[in-house]
Structure formats: structure tokens, C-alpha cells
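What TrEMBL annotates here:
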type	residues	note
DOMAIN	225-344	domain 'PAZ'
DOMAIN	369-541	domain 'RNase III'
DOMAIN	582-726	domain 'RNase III'
DOMAIN	793-818	domain 'DRBM'
Amino acid sequence: MDIVSEHLTDIVDLDESLLDLKTTELGGAGTTKRKELHGTVQVRVLSGTWRDDPHGARFHSYRIDFSCDCELFSTFVLLTGSKLDDDVANAKVDLYLLDKTAKSFVSPCGEINLVSDEIKRAMRFHELLFNGLFGKLFLGSKSNGTPREFLLQKDGDFLWSMANTYLILPLESLEGEDSSSWRINWRAIDATVTAAEFMKSCWSTAEPSEKKSRSLRDEKSAGENIIHLANRSFSTRNLKDTVVIAIHTGRIYYVLDVLVGTSAHSTFDTKKYPNYVEYFTKKYELELSYPDQPLLLLKQTHNPFNLLSNSEAGALRRKKLLNGTNQKPQNYAHLPPELVVSINIPLSVLRSFYLIPSVMHRLECLMLACQLREEIAFNSNESRIPCLLLLEALTTMRCCEDFSSERLELLGDSVLKYTVSCHVFLTHPDKHEGKLSSLRQRAVCNANLYMLGIKRGLHEYIRDSPFEPRRWVAPGQLSVHPAPCLHGIDELEVPLDGRYQTFDENLILGKSCDMGHRWLVSKNIADCVEAVIGAYYVSGGLVAALHVMKWLGIEAELAPGYVDKFADVASDRSCTQKSDHIISLESKLGYDFTTKGLLLEAITHATEEKVGAEFCYERLEFLGDAVLDVLITWYLYQNHTDVDPGELTDLRSASVNNENFAQVAVRRNLFEHLQHSSSLLSEQITDYVKLITDDENAKTLQGRQCPKALGDLVESIAGAVLIDSKLRVEEVWRVFLPLLSPIVTPDNLELPPFRELIELCDCLGYFVKDHCVNHNDFVLAELRLQLPDILLIGEGIGRTRKAAKGEAAFHLLKNLEDRGISYDRFVAKRKKRELHDVIMVSSEMKFGKSNIPETVPQKKQKVTEGVPVISPVNEQKGGPRTSLYDLCKSLQWPMPSFKTITQQYRSLLEFGEGENKKKGFNSFMSKISLCIPDFGILEAMGEQRADKKSSQDSAALSLLRELEKHGKLVIACS
């Protein structure tokens, strides 16, 4: 046994021990049930100490341009101490704003030297604007007894971390020059520094009102059109779009208008203060010097949004369309001019700031992907894996971005299965198919992949939560949404022991503390291993995939010498007696075998061994199954780039299965060449061929057992072609693409009946109960489906539970179709995108001519025997809906429907009490309807709440109590 085989044996031995540890702390490794605490790797390229150099520093510079059809954004430059990878330096990022889209383009633009003074000014620019826009510029408050202090009053070094050090600065707009010409907008930076110094002076030794008065006391009005701000005076016609900062709060605004006819003596918004003069005097102890000036109408700046998620932007757009306005009404501020400090920067610079968090987050993620690529170190002159593709492999669906690892994971699973299958096939020539399958399973199982991923630190690279822009901090910015570590770990890396593993289902997954610790599902790590393999296969083919597998510790070298050895053994077989079959079959395949004995082995059934044959197709079938799997999966991956991962999985399942291959064997007349010695098999094949020939409707075949030997025949022939062609998978595909065509597409994909029934019921809000019993050599299945007006029952029989349930589901689907209820995959997909609530069913769904019962009159009934008792209802968010959902599922009641009414207010409202107290500008009230079979419809109204789901919880809780009044359930006491 060579080194490669010995290494694989070591892995297998490790896996076998892991699989037996079901009761130890390693139990559940690689499963969805186990959750584990893991750390997060840091971006090394952004660390630096340049800010401490008194002589200045040299930076690598990267221009960031923004493109949008309907709005102007300023260009920025990113300055880093280390050079960025080309994939990061030339990145493009799509940004999804509420009612428009924008694109950002990064491009390298050489190096630049900044002297110490320039660095300090650039740092102050960071400190004022990033804290003013996304954080806060004042520490302390009167309410908690701590004195208010301007954040930049002292040296701002405490705001900077060596682990996250870069500068992002505005560029001048150079009209008429090409994009390679650029200059830092020092005018805007210096204007920001000046504003910061003015704010600092206001809060240094005197009250801001005194400083403000001192600065403007000697100025005289030059006419009615002059407006006095805290630091300078403006003509009213020049104030529009001026960026300002409030002297008393540090909030940043821009001017929309001068409200002629108003003044600080105008009535204030709340009754607590009669006018603005009183408000600022009593709340902030500010005496106004120009109370007669007209007020400024200001647009408030806002928190940054996650612009990387099209789904979030789409949801906001849908809300806007449904409500005819934004969820929160536009909130403008009215301030006396003398309380704001002007910052002489273009409004387009301010707009661009809101794009920066999302852009920088994406760039930082790309930097991490490049970091991992360096560790894997695959060097090829022909291909280099794009960092964006590797980032896709590290990104779970929970991140809600335009890409995720699922498609690559599906492909990587097939590539891994194929390479390991080839390896064990060639290095274990004496092992039968069952043993080969066992060896392969141990090498590719999730428990083993999990351990390999952990050893290589992949868990620290996994992205498992959406971008939280409010927690993103730029260099020089103080975090205002800290998440202190509560895990008792002082280091970034989490120890791998049982203390940080749990099976708790209520954990919040993916969200990290300030130390970078977060809970991950154990299976995510195994999935990531497969996705990384898939990414390397996409970019560099089998050579790249084998490299990353070797890096991970999966040794699966495909040595040509083993192939020749296996072919030599097959060449010794005499094919004279079967020459007619060989010639005819080669003609049908369009492939001439160099080693005819391989094809003879591929068509020889195991029953032939009983009559003297020394070989059968089972080993080649094992190999062919793997090669067809990877070839079909790769074909689907390339040709259906726009389908979601779930649908891609369905396409593969519909294409790579014994039933589909059996039909290929019949339709291409390959079955005629199967060599066997079984009369029973002969009868089964004859019946199946007749069924295929007589009825081309694939649905009638569902639930009917095909002869497994037919599907095995196709797989074994594929294995024979692979060996004969020296493992040239492209040659196998050339032969099999015509045989397998037409390959299923999203347009003609038909789900198995049971799967289709479940998806239909999920869409309509129904539940299916199944019951299976064994009877002799068969399985009897019964499926029950409760509609609002009738209970439907489907029955089926088959050799397996799957086959029996498939036949029963087929009958139920037929029954539903007769009632006008049918499944449309595309409608179902749309509904899944639109409906995010756990409990919701379309109130407009029509059920043929069914008569829906009348609403139940409100009267109390006695509790009768057999009434379900449910646990005390958790009244936290989601709790009442979950309790109602579980009740409906257990009793097979159709899911309830909600109707929600939204009202909008200009003033802030309070809802709830205690821990559940919330504030908002909208109120939501939901009505719930539940149809109980053979009883009627119950309705209940919830209370006003600050968000839609909480209002539905309130309605669900009311309905549960109403059900208890009618004797339909008992809610246990806590």
C-alpha cells in the first residue's frame, strides 16, 4: 500500500472512531443539532502603526467611485499601509438603496506620501464625521448624572486601533481629466477640522452659549437676508444644502430651507415648552443671541443601512408601495441658525458616507477571502481562484446577500464524492462495492469534514450573519452599540472543548460579540469544506480541487498507474462469446473501448457469478455513480446560474437517481445487453419496459419500483468509459450527454409526489399526517390531509416507505386537483419570498366549491375529554404564534390568516409595558381568523403594537384564550 492509500486509511480510522463517539463531547460533530462557539479571524492587511510615525507615512491608495443614475455621489480614496490584493483593489460592489441602485468601483491609483500634519488632519476628519453621522460626539448626560463632554475635547488616540487602521478621504472633482488623475479634497478636510476645533473651543472653558455669543457679538446684520450661524453668517439664498452640525447635540444635518415667518419665539412641538427659546434655555441652558432669526428646516442624518442585501431593499420597497410612503415618516428638525456650525463640504460627500460602511464591509470580507487563499496557496499559471468566489464559499444563507455557499456546497459534495470514489476504487482493487461505499462514506461524512475544517481554521472564516451597519466602526469612530463578551474568554480564539458546545435550540446564531465570538451550527463547518472544494473546482478544475483537498487533509490523488493496472486486468478477459453485444453496445454509445473487457464487466450482473463468471459490474457501478453525479451536477451548475440552491438540488435529485438512469437504459435500448441469470429480474425488466413504452407520462411511474439493475447498468457503463479513457471525465460526458438528454430543466422539473404534496400544503397552510406499517415484503402507507370542509385520505403500497408514501401522495394530489387545488412551483416560490411570518396563509386562496363554515358565535363551552393541554404561552416575540402553530399542526387544523391594519403618526408612540415596551411612529393592529374543521371559524383581534409581528403575536394570544373559552384547549399554568 503506497503513501496515498496509507493516508486515506488513517483518515478512515479517525472517522470510524468519531462516528462511534455518540455519547462523548464529540457527539453530534458536523450535525445541525450541535451549536459551537467559535472565534473570527481578523483582517491582517488593515493593521498598521503609521499614525505614530512623526515623519509621516507612505500609503497605497485605492480610488472608490460611485455610479448612480439619479443621484450624485462624491469619489473617495482608501489609504492603507499595506498593499491590497488585486481582487480587492479592483472590486465592484452592487449597492441596493431604498428606491434606486448604485455601484461602487475600486481601482488602484499608486502610492502617496502624507506628512505628519496631513495625517492628523485626515484623522480628525474621520473622527468628526464618522462619529457625528454614525455614532455620537458627546459623552455623558444629565439624566444619569455624568457631565457632558465633547468627544474630541482631548486627544482622539483612544479612538484608533492598530488592528483596524486606514483612511478613507474625499477626492476633488476634477472635470475634464481622466480617472487616473486625482487629488485629495483637503479643502473639505480642513473645513471639517475647522468645525471640530470650533466645537472644541465652545466646550473648552465656557458654556457653548457664551462662546457662541462671543464669536458673533460684534457682527451686525447686513440686512434681512443675512442668517447668523454659530461660526459664520450666510445669505439666505446660499444656505440650501449647507452641511451643519448642531452645537448642543453634535448631530449632523443639511439645510433644506429657511422658514420665513418663524423664529425661536414660535410654538414648540410639545406642550412642555411654549417656544424654542424656553426649550433651549431650560433643557440645554443656552441663551439665544438672535431669537428673531427665522428657523432652519434641516434634514436629519440617519443610521447607515445594509446596502448589500437586495432582499432587505426589496422588502422596504414593497412596504413603501403598499403603504404609499416610507414606514417611518420623514422627520425634519427645526433649529435656530445660531445653534449650528457650518461645515464647508459638498452634500455629495455626505451622501457618499452612507455607502461607505457597506462598501468597506464587502472589501474587508474580500480581504479575508484573499487571506485564506494565501493559506491554501494554490499556484497555477492557468488559473487563480477569484476571491469573490472563495468569499461565496464562506457565506451562508443567513447573511442575506446576493450569493451564498449552497450552490458551491452542492458541487463540492459531488467533486469530493467523485475523487474519493476514484481513489478508493483504484487503491483497493480487491474490495467489493459495499466495502468501497463504506470507505467513501467514512471519508466524506460530515463528522470527518468537520474535523478537517476545524484543523485548518475554516470555522474562523465563515460568515453567518447579515451585515450590521450600526455595529460597523470606522477607524477613529467610537462604537455606540457595543456587544461585550459574556462567554468568559479573554482571547480571540475559542478553545475547542465541551464547554463551548451545546444542543440548545434557542441560541442566537451568527451574531458576534466585540471579541468576535459567535455561535455556529456544527454542520456549517462541514458544509464550508465542501463549498471551498466546489469553489476551487469551478475556478481551476480537478487539479485545483485536489490541491485544496490535500491542504484540508483529504488525500485523493488520482494516480494514472493504478488505472493502467486495472485496465490490464480487464484486458485478460475473453470477450469472444459476447462480441455481438460489445459491438452493438459500442455503436449505441458512440465509443470504441480500447479494453473490451471493461465493457464486458460493465454489463455483467452479479447473478452471472453463480454460473461461472469471475466478475460483475458492482465495482464499476460504484465508480460510475460518482462520475455521473459530478458531471450532471457540474452541467446543472453551469447552465442554471439563476436558480436558487434548493432548486438546483431538486434538479440534481431528478437527474441523478436510479429511476432516471433506468429509464435511460430502456429508452436507449441499453437493457438488451444486460447479462444476467435471473428469471425474476427478466420478468421485472419486461414489465418495466412495457410500462415505459406504453406511457411516456413520468408521473404514472412515481411510486412504482424500477428494476435497480437497469439504473446500475447505466452507471457501470459510465465507470467503464472513465477507466478506459484514463479518467478523462470530459470523454465520459461526451458519451453520456446524448444518452441522458433531455436533461431536466426548471421549466419541466417535476417533484416526487410526496415532496410536491408537502410543498403544496406548506403553501396553503395545511398539515399532512403519515402512517406506515409493514405487511409481508411491502409497506402500506396512509396520508391524511385535513381541508376546512373535508378530511382527505390517500393510500399507497410499495417495497419501501418512500415508494408507498409516494403512491399515497400521488392519489391525494389527484384528489386535490379534482377540487381545483393544484401545485404551481413558481407561485410557491414567490409566496415563500413574500411571506416571512411563521403563521400565515393567503386569505384569498380559493378551495374549489368547498363551503367554508360560518363564524362561531362567542360562547363559552365546557372542556371535554381529549382536549389538548398546551404549555404556558411564552409572551415574548414569536411565542404566541409558535404555540398556535404547534397546536394547529398537532390537530391538523388549517393555518390561521392575519389581516393587519397600519396607522402612521408624526409623534413617537409607546406600546407595551416593562421589558416589552417599544416606541415607534407606526401602530399595527392584527385580526386573526382560524377555521376549525367541523366547528367553524374563530376570530380574534389583537392590541396595538409597534411592529407587525408583535401585533400578530397579540392576536394569536387572544385567539388561544378564545380557544380555551370554547373548550378547544387547556393552557397549563406556569
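Each position is counted from 1, following the chain as shown.
Just so it is clear, glycine is given a Cβ too, placed from its N, Cα and C backbone atoms.
Tertiary proximity for the domain 'DRBM' (793-818) is limited to same-chain residues at least six positions away from its ends with a CB under 8 Å from its CB atoms, namely 699, 702-705, 752-754, 756-757, 760, 768, 770, 772, 777-785.
In terms of DSSP secondary structure, the domain 'DRBM' (793-818) contains 18 helix, 6 strand, 2 coil. A mean pLDDT of 89 is what the model gives for the domain 'RNase III' (582-726).
As a summary of secondary structure, the domain 'PAZ' (225-344) carries 29 helix, 34 strand, 57 coil according to DSSP. With helix defined as DSSP H, G or I and strand as E or B, the domain 'RNase III' (582-726) counts 104 helix, 2 strand, 39 coil.
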